[in-house]
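Heads up, the thing below is written out as structure tokens.
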Amino acid sequence: MTRNLPSRIAFYALVAVIVLFAVFPFYYAIVTSFSTGTALFQVNYWPKVFDLANYKAVLGSRNFSRSILNSVFIAGCTVGFALFLAVTASYALARVRFRGRGLLLMTILAVSMFPQIAVLAGLFELVRFLGIFNTPWAMILSYTIFTLPFTVWVLTTFMQDLPVEIEEAAIVDGASPWVIITRVFLPLLWPALVTTGLLAFIGAWNEFLFALTFTSSESMRTVPVAIALLSGASQQEIPWGPILAASVIVTVPLIVLVLIFQRKIVAGLTAGGVKG
Amino acid sequence: MTDLTLGRAAGPSLKQRRQRAAFWFLAPMLIALFCVAAWPLLRTIWFSMTDASLSGLYDAEWTGFDNYLSVRTLSSGRVVYRGTLVDPDWWNAVWNTVRFALISVGFETAFGLVVALVMNAEFKGRGLVRAAILIPWAIPTIVSAKMWGWMLNDQFGIINDILMGIGLIDQKIAWTASVDTAMTAVLIVDIWKTTPFMALLILAGLQMVPRDIYEAARLDGVHPVKVFFRITLPLIKPALMVAVIFRMLDALRIFDLVYVLTPNSAATKTMSVISRENMIDFDKFAYGAAQSTLLFAIIAVFVSLYIWLGRVDLSGESQR
Amino acid sequence: MAKIELKNVTKSYGAVEVIKGIDLEIRKGEFMVFVGPSGCGKSTLLRLIAGLEEITSGDLLFDDQKVNHLVPSDRGIAMVFQSYALYPHMKVYDNMAFGMKLARADKAETDRRVREAARLLQIEHLLDRLPKQLSGGQRQRVAIGRAIVRDPRVFLFDEPLSNLDAALRVQTRLEIAKLHHAMDDTTMIYVTHDQVEAMTLADRIAVLRDGKLEQVGTPAELYENPKSIFVAGFIGSPKMNFLTGSFADARGCATLGARPEHIELAPDGSGEWQGEVVHAEDLGSDNYLFVEIGADEPVVVRQPGKLAIPYGSRVSLQPQAQHLHRFGVDGQPLR
């Protein structure tokens, strides 16, 4: 920054605007979530009241706690399943030369970019056929369509960056591909696994279309569906207080995780993006 | 040990063993992807050519392309066209989706570039900016829809309050409910939420540009604006093209934000929304399947064109 | 322990042939160095012997047994890589024991071998450390130790010193030479682009160029009787001087080769070649004089000791006739 003062001021003003725009909506949601009654319906730029009633209302309702559990279970299972399949698959894609590898990678990328509505009808039939409609398994099954290609793709780029000579040393030592994965690469890859898993978890946690379509009872809803369909005492009244409180509850853990892992997340996002 | 192995007949070579292992490593993933992607897609296309309904998935009858377009000549001699392709609601949704995708991706690219350029500069508090930038990205779409829904609320919303405070508007606007502003509302939220993603991808591209290029340009006294258009932009074009197509594909399939922020507004209803509405809510399962098949086809054509015209290297092989 | 034979070995990647038919016999217990410029195929050749790459055609024999299709771990080889390739998450001990663990070897035997190798390389005190806690030289020793533990028939080195700094390189070179003496029945194959390493370590050197063997022989043979201009130019430092035109015509050849150490300063213009000193390099022990004698390039003359010859002074040079190399138009030596 060797430029003159006015341009420096302009630069920092731009920075301030960016930060303000990024942070303000969530800040305002937090401020509102602590207001009830008439305070809710006055525009407050600064927190004036600190009332936990909305939080008590949301957490007190059995269905919302149930939704959180559902979401944790579904996202956890989806990510575990995807990582399990992706580790071996990405090794094959990153490390073994075979014909059709490029085409396969492109196909996997294409699947992750799929319009999910295009498989909705077919998945609906499959979910009905398997008898898992309105159970968490319907979501775990359907979320695989985006978590699996994503994890495969990102792990492949991470795996390609591991040094070739370490693998060759292991081959000379007599390690089979399975041993190379489990005893040499996995211990080196765990940071990548955490990143990929976290990104996939966020994706599964936020999903809405499948969760909306494949659940019918309130107790089976995931968090996004629960928030979207949260209704008040009467049809006309939108319970903004509880909605925003619920929003804050499910977002704060995500933001904390993202901030803790921000460097790794940026690396993971760009590995899935720029390199492919 | 070695004598034993030498006496053995030559087994599969290292390459063969590795390729065989690769096959078994890939098989479970491929099977899983087939079950959740390929098979449902094929079934959707099949359903789109039947008269299946939600309750009667299995007593569907083959109707060919009737869901897309059917032509019947009445006894009176009048020709009647039916099907999605002559459905004004569908074309409204197509127009909404395309408009939404083009405008949102356009703004996101422009804003993303600005944010990325800012973050590429070295200044105090860069880490803070990156952390702040990640927040909109991390917030679930549904939550951001609700948050903004509250801020854009016609009576109690802070946006109207601010705009009236600075005198830009003289009466409160029903952002999400009014036909004129619903699309703007959706665009604002989407741009807010996805610009960070765009910025991070562009930033990664920027960071691949060697710093000494800038230094050389500065020593030559090239104007910064010229440096940007002549040096930076061409160099990050590959990263930019990839980022744009990723966002474009995402924008074309948008569902959740529209569904939650502006429910049942004809001004914002997108292809995904109308397909699901027909499929699930209106019990026109096959009709909705036809619409979602069309969406799939449109996206497929768009991607092929983009890759073909832009020579986008999605696999990133040339960068290695 | 093993004799290695290559019979018309070739390697192609698609349409590109990188190894173009190599016949070579490496004797039991021999220290063989593959040397050549980058891209000559020396590393590929080593990887073919290791089994990391598949031979396209031809035969590879260990002790008269064809091993073309054996996987690396069944060939009884051990390899030391350029980047050391230690497993970053394993302690030194586990790095060295990994191969034997995979082979389900007896625990006590594994332990004995690891400790013996560690003692040989004086790295016993490092066994509990992780690779990242070691210096470059220590890592290279661990890599060598890992290879020793495998008790290989053939020891393969792929440019093991090129990641080390100059001082450490000389020291480790000495270690490897000692190792060869300590394990004198183990065949060793060593790849390098550095002809000094080749000359100092090798029993025999194989010079490669464009995927073909240019010449195989002891360091002395290559130095004294290079079979081509390429070998003559590659072996020896500073490089051999090549003279064409009238200088070569005078000796009845197309190219005349004279090593810098085989050209003497003659007093008072009595030498065969006259010229002007255009540059001088003082290495302390030696002086390299660059003399412009009207050839394509200045002739380099190596003179021991300190010789204060100012730039621009005229000198007279006399090549030692018995050490001159005469080459024909095809680059082959003339007898």
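Just so it is clear, glycine is given a Cβ too, placed from its N, Cα and C backbone atoms.
Heads up, TrEMBL stuff is auto-annotated, nobody curated it.
Annotation source TrEMBL lists transmembrane segment at B:21-42 (among others).
Per TrEMBL, domain 'ABC transmembrane type-1' is recorded for B:94-306.
What TrEMBL records for B:98-119 (among others) is transmembrane segment. Same-chain neighbours of the transmembrane segment (B:98-119): 126, 129-130, 133, 183, 186-187, 190-191, 194-203, 205-206, 228, 240, 243-244, 247-248, 251-252, 254, 268, 270, counting only residues six or more beyond its ends whose CB sits under 8 Å from a CB of the stretch.
According to TrEMBL, the transmembrane segment annotation covers B:131-151 (among others). For the transmembrane segment (B:131-151), same-chain residues at least 6 beyond its ends with a Cβ under 8 Å from one of its own Cβ atoms are 115, 119, 157-159, 176, 185, 188-189, 192-197, 199-200, 256-257, 260-261.
The feature transmembrane segment is assigned by TrEMBL to B:185-206 (among others).
As annotated by TrEMBL, transmembrane segment applies to B:227-249 (among others). Here the transmembrane segment (B:227-249) has Cβ contacts under 8 Å with residues 101, 104-105, 108-109, 112-113, 117, 194, 197-198, 201-202, 204-206, 208-209, 213-214, 217-218, 299, 302-303, 306-307, 310, 312-314, 319 of the same chain, all six or more residues outside its ends.
Distant neighbours of the transmembrane segment (B:285-309): 41, 44-45, 47-54, 57, 60, 63, 67-68, 83-84, 90, 93-94, 245, 248-249, 252-253, 271-272, 274-279; these residues of the same chain sit at least 6 beyond its ends, with a Cβ under 8 Å from one of its Cβ atoms. For B:285-309 (among others), the entry in TrEMBL reads transmembrane segment.
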